[in-house]
Ligand SMILES: Nc1ncnc2c1ncn2[C@@H]1O[C@H](COP(=O)(O)OP(=O)(O)OP(=O)(O)O)[C@@H](O)[C@H]1O
Ligand SMILES: [Mg+2]
């Protein structure tokens, strides 16, 4: 087995944007249905956890609990948006709908298709984050204009989770098996990335593990600094981590999927 | 001598899936404007060969050129000039009939206005104007097949690859498909198709190959193949040891197929008379030979798994 083949940089062409557009068109056909969850979800979480649980917690690091979890809600929806789109969504399009097969019979290449899917996954994250901002702002839980930076950042972070999802779609033997990486990786990330309680209450070793392998940790740190309106230079470390892992994930996920599809 | 350019030229084309050889070093060529058929039992390697021509499945070894371009290095250029009807329908279930064609046009860089015009023409061409706003799942099997054909034509291809285009169609739709293909051929489109309907292959194909176990067994026009391997007519009778020894004595060209004996001949009348008197046959039927006879003779009657 040649490991090197997984690191061959893919070719980025305009074909990828045609695939992106296909997915966007489908999304817009059901726009009302698709755009609703980003409005509803933060409300549910804020009421249940922010204001319900918040009754008992009051403050974390001197911040009201609702304000503490608001950036986590955005981060989690960035993660879910792209991850589900490029794991379940891409798998369904690839395996059940044969959409990829149809597209590669045209001048578009398999790389165009996969990159288009990844870009669309990142776009889903961006859409979710963008729609959540005003809802959360209504409760006065985020700071402007800093929080506007969350929109472009959601694309980058979304791309990272899209690549993760695509790696899983590339190796999963069937659709049910996608549950395993979710249980083993996505759910722990949801819980242990400094989302609903601060990282520093965990044992030190767990904190290091979280920083080393849980992308959401870095995403939460950046988004929290932005909603609090206190971005600092230390965020460059988080940003560099995300960009580095995203670049590797991008190349590897495209090649993993190619390996599955080119027979 | 008129020079006819060759649209597809394959030499030593080979495809292995792990240990298994699906296409075993075959050679074939398709002339421009020709309607060329790939026949063969299930698993013969037809679809695998089509997929290599479509530049979506890399060859294990060999050379394959389409429009004079290598399938390994000029995939985009080749695919721009090609239309594909795959064996399995893969219409986009997220879109309506109209949208399926329109979204596909973007993949070929067809400008929007031109695309809209072509979509209208194609909907008319395959008689689906009434279904334009239907989601593809609610189409009947025949309608889906017609829409896949329309989709394959969106880029006005010079080469059309059809993998079992008429599978599951009723006689009306099948004849409609044949008419459409004949019309396209008249416009100079080169057509390659696979089919299990030998009647269809006889009617449509200028030339064809019969494949089995990844190899090409024979190549030629339907008429020549029948002439060469069977002769003009077949006399059929029930299997019986006495008859076989009688046929042996007369050095007849015959074959035992299941419970039946087939005698290949140029002169069915003479043979029939002869057999009835000399060999004491009870039931004898004479008929013209067909491509199906060639197919069964060459590939046998055994079922493929
Ligand atoms: N992706 C694959 N992996 C392993 N084996 C394959 C693959 N694709 C095809 N094969 C095998 O290659 C052989 C040829 O298959 P192919 O689909 O080309 O046959 P076909 O002539 O089109 O048959 P049919 O008439 O049933 O469509 C079969 O034995 C099949 O099992
Ligand atoms: Mg086939």
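Each Cβ is built from the backbone N, Cα and C atoms, and glycine gets one as well.
As annotated by TrEMBL, domain 'ABC transmembrane type-2' applies to A:33-260.
Here TrEMBL flags A:39-57 (among others) as transmembrane segment.
Summarising the annotation, TrEMBL assigns transmembrane segment to A:69-88 (among others).
Nonlocal intrachain contacts for the transmembrane segment (A:126-144), taken as residues 6+ away from its ends with a CB within less than 8 angstroms of a stretch CB, comprise 35, 37-39, 41-43, 46, 50, 66-67, 70-71, 73-74, 77-78, 80-81, 150-152, 154-155, 158, 226-229. If you look up TrEMBL, you'll see A:126-144 (among others) marked as transmembrane segment.
What TrEMBL lists as transmembrane segment is A:150-171 (among others).
With a threshold of 8 Å between CB atoms, the same-chain residues lying at least 6 positions outside the transmembrane segment (A:178-199) that come near it are 49, 60-61, 69, 72, 75-76, 79, 83, 87-88, 91, 164, 168-169, 172, 206-207, 210-211, 214-217, 219-221, 224. Positions annotated as transmembrane segment by TrEMBL: A:178-199 (among others).
Per TrEMBL, the feature transmembrane segment maps to A:205-223 (among others). Listed by sequence, the residues of this chain that lie at least six past the ends of the transmembrane segment (A:205-223) yet keep a Cβ under 8 A from its Cβ atoms are 71-72, 74-76, 78-79, 150, 153, 157, 160-161, 164, 188-190, 192-195, 199, 231, 235, 238-239, 241-242, 245.
What TrEMBL records for A:235-257 (among others) is transmembrane segment.
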Give residue numbers and ranges for long-range contacts of the transmembrane segment (A:235-257): same chain, 6 or more residues beyond its ends, CB-CB under 8 A.
5-10, 110-111, 114-115, 118, 156-157, 159-160, 162-164, 166-167, 169-171, 215, 218-219, 221-222, 225
Other same-chain positions with a Cβ less than 8 Å from the transmembrane segment (A:150-171) and lying at least 6 residues past its termini are 74-75, 78-79, 81-88, 90-91, 94, 114, 117-126, 128-130, 133, 178, 181, 185, 215, 219, 222-223, 226-227, 242-243, 245-246, 249-250, 252-254, 256-257, 259-260
Cβ contacts under 8 Å made by the transmembrane segment (A:39-57) with residues that lie 6+ beyond its boundaries:
64-66, 69-70, 73-74, 77, 131-132, 135-136, 139, 141, 196
